[in-house]
Structures are given as C-alpha cells and as structure tokens.
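Copied over from TrEMBL, here are the features:
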BINDING   B:R211, B:236-237, B:250-254, B:267-274, B:N288  FAD binding site
DOMAIN    B:5-190  domain 'Electron transfer flavoprotein alpha/beta-subunit N-terminal'
Amino acid sequence: MNIYVLLKRTFDTEEKITLSNGKINEDGAEFIINPYDEYAVEEAIQVRDAQGGEVTVISVGTEEAEKQLRTALAMGADKAVLINIEDDIENGDQFTTAKIIGEYLKDKNADLIIAGNVAIDGGSGQVGPRVAEILGIPYITTITKLDIENGNVSVIRDVEGDSETIEASLPLLVTAQQGLNEPRYPSLPGIMKAKKKPLEELELDDLDLEEDDVEAKTKTIEIYLPAKKEAGKVLDGEISAQVTELVQLLRSEAKVI
Amino acid sequence: MARKFLVLGEVRDGSLRNVSFEAIGAAKLAADGGEIVGVLVGDSVQNFGNELIQYGADRVIAVENDQLKQYTSDGYAQSLLAVIEQEKPEGIFFGHTALGKDLAPKLAGKLESGLISDVTSIEEEGGNIVFTRPIYSGKAFEKKIVTAGVIFATIRPNNIEPLAKDESRSGDVSTLSVDIKDLRTIIKDVVRKASEGVDLSEAKVIIAGGRGVKSEDGFEPLKELAQVLGGAVGASRGACDADYCDYSLQIGQTGKVVTPDLYIACGISGAIQHLAGMSNSKVIVAINKDPEANIFNVADYGIVGDLFEVVPLLTEEFKKLKVNA
C-alpha cells in the first residue's frame, strides 16, 4: 500500500500569540507537528504495519519543517518530502498548498492519503478536500476509525458528535479527527534510524510549477489580537447567596438569561 | 456593487439550522442589495423554501433526488455545481458546520476559487467584502478578502445576526432536476451520540466540565443544568483524556472552538489550549475550588467553591426563575 501523509508544522499549543509588524511573531516560539497531523502519521504507520507498503510524509513550508518531518520518520514513517516554498511564495493560501501537493502527488499512484482535519494555526480545514478534488479521488473528513480490507475501506466519521459508518474504496483521502488513535512517541532507536531515512527537498521548479500557477485566491489584509479580557467579578459570601447573586447578575447585568 | 449570493439551507433532524439563517444575514451584508438565492438539497426539502424566504432569501432553488437523502460530498457537490452553473452567482455561503466544512473546500477547489472558512463577521470596505475570522483558535484574528473566482465562505454559528423572521415575505420556490451519479462514498449507518441536548457548536449556553468533574457520573449535575438552560454540555481536554466523556465534547485548541452567549466552566483550571477554544464567548462564568485557577482570569463572574455544591444550587435557582417567568 502506497500511503502519503500531509503534515504541517505549527506553533505549539502552549504558545501565546504576539504580533510584530502586523504579523504573527515567531521569534522564540516552539513548533510541533500539527496535532491532527500526528494522528494521521500514527494511522498511516498502523495501516502500513497491517497491510504492508510504505509511508511517505509530505510538508509544504520552509526548511524549518525538516525537524517535524524527522519526528514523523522517527515515529516510523519511511520517507519524507519537503516542498520548500520559502524563496518562491510569500503569501500563499489553501489553494496554493493544495495545488502544490496535488501536483506532487498526481503521478505517485497513492492508495491512501491521510491528513489532519484542520491545522490549529490557520484553522481552515481546506487542504485535504482540495487535494482530493485535484487528484479526482473521494475523501472523507474527520474520521475516528479506519478499516481496510482487500481495497475496501470502512470508516467511522465524526459528525458533530454523531458517528457515520461510511464505505468507500481506494484510492481515498481521509482526514483525522481526535480519537482516531493514540500517537506514539518516537523511540530512541526510532530517532537514530530517522537520521538515515530519505528526506527529499523540492522546490516549485522541480514540480514544473510557476508562481502564477499557485497564486493565492485570497488575501490577508490585517491580523490583530482580540481585546484583552479584564478579569471579572469573583463573588463572595455563603455559597447559596453567591449562586442567587450570580443568577441575578446574569439576568440584569450580563442579560444572557 | 450589487452581487448575487447563494446560501445553502442546511436541514438537520427535520428542520433548518439556525446557522443557515445567519448565513442569509451574512449574505445580505455582502450582497450590497443584490439577490439572495437560497439553495436546498435533499430528497424532500422544497417545503423549507418559505422559511428561507421569511429569513431574507429572495427566492429558493431546491434540488431533490432520492440519492440526496443523506449528505455525501459527491451528491451535494453535483447539486450545487448545477445551481452555480445556472445562477452564476458572485458568491456562495455555507454554515461552518460538519457539512459546510466538508463540502465547501471541494466546490472551491473545483472552481479554483478562494474560500474563507469560519467567518465571524463581514463588512464592506472600498468595494471589497472583508471577512473576519479567528486564527490560532481565537488567540488572534485575521481580515481576508477573496481575490479570484467565486467568493466562498463558511459562517461560524452564533456570530452574525440573522434577519428577523418576516412571515409576510413571499418568493418563488423552484426545483432544479440534477442527475446524481457515481457516489463514491456510501453511508451505511448513523449512530446518534449527540441526540441528547443541543449541538455544541450552535448552543447559546454551554456548561463545560473539567478534571474537577472527577468521573463520568460527575457530568450528571452539568447535564441537568444544561437541560434547564436549553444548553449543551462540553468538556476540557483533561476530562476527555481521563475518559469522563467523549472526545466529541472537547472544547479547546484541539477540539471545538465555541462562542456561546453564556459559558459556565465547572472544575476547569483554564489551560491556554482550553481558553483558546472558549474565551471569545460573550459571558463566562467560572466555578472552581482553586481561587488561583487561570480560568478566573477570563471569567466575567466567578464562584470559588465545589462544583458539586454550586451547580445543583444553580440548577435550582434557574428552575425557580423559569417557574416565575
């Protein structure tokens, strides 16, 4: 089975967000594999171990993403591909990323592509379905279970708390929802092995793409931080009196009840 | 510049979702006087047309087919592409729901268009439609415009006001026949876990529990309070990881991002990842035994105390209010 994972390097969830010159300040921030993509890596490894084949992890970004790709290799992925757009693209969007990944994957005969259902930074959740559309293959988003037998796929999809059992066949793209699996930590031997695993670096030229081909369809005109919330009123007195006061405040002051 | 907009009316459990009315409100802001065309897709949905019109659509097109009884991205995409082909709108809006999130990127991809996901407000600025949306799960916001193709957007529930329902409004509800074929994903079964209570992403009131809830049974008083207030129950990652509840309830940077009118956090310490998922709620109440808990820094009102004492009292107090009302 020829399995591909789409992986994004994102800010650690612990990070506070600050701005400098109207952009998100990355100085000193810790970066991680997007948590939903971590489920994707884990699932790909499990499918390969059960079915045979190879797991290739792809990321579109800058050379800094090599660290997250190495982590995926240390978890057990076989190969990694970094499509470095640092010199070519300044303001890409989801169309840009999907177009690049689609171009890379179009002649790879992928059987299964797994992505996270959303990245915790941009939060758009578009790239997976857009890649499937470019490749002309079906997709199922926010899955919590994946079973493959003789090329037939059965998945459970989380739909706002409901569970849909869906059948499809390969090739297929799925996006991972929390609960799909428990991602493993890289083992020490895994980390050692990962250093020797192949990590290919490509640029737009290598994919025969021009900057115009991948030009964004949207534009960000401003980034800002939400107004800082002032600490509110902590009530005191007997608990029952506090409860009565709270209900009054919610009615008359906050007017939400 | 007047622009024509399509809005998908999403039917769930036999009624239109509120977010579809909000999406019509959003389209009104973007259309600048242009026509709003409601779109319905399903096996028998025409009868919802009038309600879309009462909420501000000028007319409605229904695509009906037995193959559209359940949502599939292929079936819905074929339907909407046929409507887009016929109507040639400037833009199309969806709710930022499981369906909207799944479908909109496929259509935007097919039409090589820009899609702005999870929109919380819309304004017109110098001839552009400017969309505001949260990034980093609400730790920051960005303003975006679509620069090429059809203007696609998914509208986050509970943020943009719907128009007031006007029962005197009328308009044309027509049907469009579309040949639905080659569905590549087949839904075999649906298990309703969310059937108890209101959906989290659309709830006006959320009662959320954290590690302080201590067990699966510990969620019972929260459920009772949610029921009295017509709200939904949510959870922090801590509560989910400890197996007190299902991951579908998780609110935070991983999990759902919510913006209800009232958020009551019970036994939640307030890790930065959780705050990212709820701190843009309109009013936040924190109930926690630990007066130093971080959740008090974002709460409008706080009670330092044991949730198992406070929550049942709150439920009683709200019940009284209901009886008196």
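Numbering starts at 1 and runs along the chain as it is shown here.
Glycine residues also receive a Cβ, built from the backbone N, Cα and C atoms like all the rest.
Feature annotations (TrEMBL) mapped to structure.
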residue : record           : CB count, 10 Å
B:R211  : FAD binding site : 17
B:Q250  : FAD binding site : 25
B:Q253  : FAD binding site : 26
B:I268  : FAD binding site : 32
B:A271  : FAD binding site : 18
B:H274  : FAD binding site : 28
Report, in sequence order, every one of the binding-site residues (B:Q250, B:Q253, B:I268, B:H274) having a CB within less than 8 angstroms of a CB belonging to chain A; if no such residue exists, report 'none'.
B:Q250, B:Q253
Using DSSP reduced to three states, classify B:I268 (FAD binding site) as helix, strand or coil.
coil
Integer average pLDDT (0 to 100) for the domain 'Electron transfer flavoprotein alpha/beta-subunit N-terminal' (B:5-190):
97
